[in-house]
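Trainee: Found this in Swiss-Prot, in case it helps:
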type    : residues                                                       : note
BINDING : Ser194, Ser195, Ser196, Gly197, Leu198, Gly199, Lys200, Ser201 : ATP binding site
Amino acid sequence: MEGTMSSCFRGMLMKLRFSELLNNISSFEKKVNNLSDIFSYGCLISVNGLLLEVIGLTAPIGSRCYVERIIDGKILNISAEVVGFKKEKTLLFSLEETYGVFPGTRVFLKCFKNTYSITGKIPLSTELLGRVLDSKGRPLDGRSQLNPKFFTFLKSNVVNPLNRKPITEVLDTGIRAINALITVGRGQRIGIFSSSGLGKSILLGMMAKYTKADVVIIGLIGERGREVKDFIENILGSNGLSRSVVIAAPADVSPLLQIEAASYATSIAEYFRKKNKHVLLIMDSLTRYAMAQRAVSLSLGELPVSKGYPSSVFSKIPILVERTGNTDNYGSITSFYTVLTESEEDPQDPIAHICRSILDGHIVLSRHYAELGHYPAIDIENSISRVMPNIISKKQYSQACYFKKLIASYQRNRDLINIGAYLKGTDSTLDHAIKIWPILERFLQQKQSEKSSYLSSCEELNQIFI
């Protein structure tokens, strides 16, 4: 009996060991399959800023490479991406500081069976909601690494213009002045034109918290690191972050990473749009995205044509912006892009000019209002929504136009009014503006903690003119 039990036990033990062996072999096969087939490499011959020139390496544009460097006697790698060619040279743009590289250092290209090279896969998933990530999808919030089922490559998805659904619905932004006077449609692309210190970040935070949208994607491109944290913790808040995805590429990272962050934020918005969600995309700022494109283009030897910007930059902005909007059979992406202007007197710098021409409207922030403590500091006279007449009632449109007329009349004659030189009865429109000016000012101002729905905004506008 004991011999039989011992024999059975040995048999079971052998089966378990054999099963373990099979599992180990299977695991080893997976690891072998994931190994690179080859590591091709070239030699570094020149470094100019973040631009690297390499010989002996053939790779398509967009390929991810690894450059050796020596720091404290240790050989480490930095990441770089192929951005161009020049005769027998391959041009790479470094994603990190080039400290520690040396002439003749090896530059590796990792190749696989089914792909020529690694171009960088970025995670896409509903798990991204509530997270703060960098341009590669790596966590910046100290939480666990993402492990989504879906990935994307950073490429531009061209939308057939005949597949774009018309803008017919009003988007409730929760901001009274915008809802009533610069009404935005679902799927519209709007520029927020502002110089520094005018409350741009506060306005964006209010939009992110109060806008009626299923998902909010926020791209912080080229901002100061301190401002990124301040925006997330103090302006957006935990409630706003819960339905948002924040992609941050601060000013101290490589221009190429800033470009990829803008594209990644747009890719996430496209992902949720395909899931039939109404997406709000906020990008701060489109100007810094253009500056990053300029840095890469100038490194490649392109000639500047307007205020230091090469011509290729002006084609990159429409490619990014045109990915948003409405599409048939899917949801929508309503996008707000901040555009930094040098001054209100001369806003027609090349980036501001191209943005005005391709966007569906613009909201201008005024330094005059900001200095008076008037927030949000929206310059109603110079702001416009191109789709507004098509999505609101005729009554609201006429009231909004008359409101703007009163504001413009008062502002043009402000100095005369302040010194008492204006004679009452000279201009009936100005008389009306002077009479209700405190009401107009109160309507345009809104506390950061205050939310004003579209219906209540229209009702308050209507009450002014009863």
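The backbone N, Cα and C atoms fix where each Cβ goes, and this holds for glycine too.
Burial and contacts for the listed features, if you can.
Mentor: Listed in sequence order, the residues of the same chain lying 6 or more apart from Ser196 (ATP binding site) and placing their CB within less than 8 Å of its CB are Leu340.
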Trainee: If you run the three-state DSSP split on Ser195 (ATP binding site), which class comes out?
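Mentor: Its secondary structure by DSSP: coil.
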Trainee: Comparing the binding-site residues Gly197, Gly199, which residue's C-beta has the most other C-beta atoms within 10 angstroms in this structure?
Mentor: Gly199
Trainee: Per residue, counting other C-beta atoms within 10 angstroms of the C-beta, which of the binding-site residues Ser194, Ser195, Ser201 reaches the highest number?
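Mentor: Its Cβ has the most other Cβ atoms within 10 Å: Ser194.
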Trainee: I want to check the contact list for Leu198 (ATP binding site): same chain, sequence separation of six or more, C-beta distance under 8 angstroms. What comes out?
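Mentor: Looking at Cβ-Cβ distances below 8 Å from Leu198 (ATP binding site), excluding near sequence neighbours, one finds Leu365, Ser366, Arg367, Ala370, Ala377.
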